[in-house]
Amino acid sequence: MSSSYDPLLDSNIQSSNTNKVLDLAKHAENKRALIVQAGLLVLVLTILHAIFTHPIITFFAPHPILNSLGLVFLAHALLLTQPPPISPVHKTLSGRIHGILNTTAVVLFLTAFSSIFYNKAIHASPHITTWHGLFGITTYTLLSLILLFGISIYWFPVKVFGSVAKAKSFYKYHRIAGYFTLTLASLTILLALDSDYNNNVLHISYTVVGIAVTAIWGGLVLGLTPSRLGFI
Ligand code: HEM
């Protein structure tokens, strides 16, 4: 006979407790995703407000706008794959959408780069002369490489790595590089605030963007499962 003091023997109580724990975990996850999304919304609105309340510089304006939109896609690609998959169908679908969102993010980031590069070229300004520029070019390069790496693991595992199992063993490096580059992208945005153009013209608030970027970065990093990085 089972007793309510002995949950191991009472499968109803045990499963109701498990459900409660799962509900709490889901609730915490949703809250974290909302914090990330609130940070993204504040970032995008702050940048749009700064750009459209000043004279538009045709080839500069797309740079901050498309970069912040790139971050929106990148953040959602990460949010989507953070909860461990609950079924093979979930795993396949979330992997596919993760790839599509990240491809979109990289297209937006590289278009943002082309616009600032062209803007500098037509004004005969030198390239990569600031910490923002240096962190930025490193972010673009790493994101593009991580995307190619992810596409190879997911869509061409046998061709590139010889077998599906071998390809899967590289996922942890893809994840580590992904979170490292997210950190670089976050720092790049903060460094952009110290550009002459922001300090003299746009005046985008350090405090508002600082809080938004911390919410985005913090919310995403807190969603990391350390065991999936291969350290534990
Ligand atoms: C993750 C987001 C971002 C990345 C990866 C990034 C990347 C870059 C890169 C690589 C350059 C140098 C281009 C060259 O020298 O040819 C640059 C320049 C610039 N960016 Fe960004 N950027 C980002 C976000 C922003 C934002 C949000 C602003 C808003 C103010 C901004 C403002 C500028 C300005 C004013 C320059 C010219 C001055 C300089 O080279 O530092 N960027 N960016």
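All positions are counted from 1 along the displayed chain.
A Cβ is built for glycine as well, from the same backbone N, Cα and C atoms used for every other residue.
What TrEMBL records for 24-227 is domain 'Cytochrome b561'. Annotation source TrEMBL lists transmembrane segment at 33-52, 64-80, 100-118, 130-156, 176-193, 205-224.
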What else in the chain is close to the transmembrane segment (64-80), if you only count residues 6 or more beyond its ends and a Cβ gap under 8 Å? 33, 36-37, 40, 43-44, 47-48, 50-51, 94, 97-98, 101-102, 104-106, 108-109, 111-112, 115, 143, 178, 182, 185, 189, 192, 216, 220, 223
If we skip the immediate neighbours and take only residues 6+ beyond the ends of the transmembrane segment (130-156), which ones have a Cβ under 8 Å from one of its Cβ atoms? 74, 95-96, 98-99, 102-103, 105-106, 109-110, 113, 167-168, 170-171, 173-174, 177-178, 180-181, 184-185, 187-188, 191-192, 194-195
With the cut-off at Cβ under 8 Å and a gap of six or more residues from its ends, the chain residues touching the transmembrane segment (176-193) are 43, 64, 67-68, 71, 74, 78, 130-132, 135-136, 138-139, 142-143, 145-146, 149, 204, 206, 209-210, 213, 216-217, 220-221, 224, 229-230
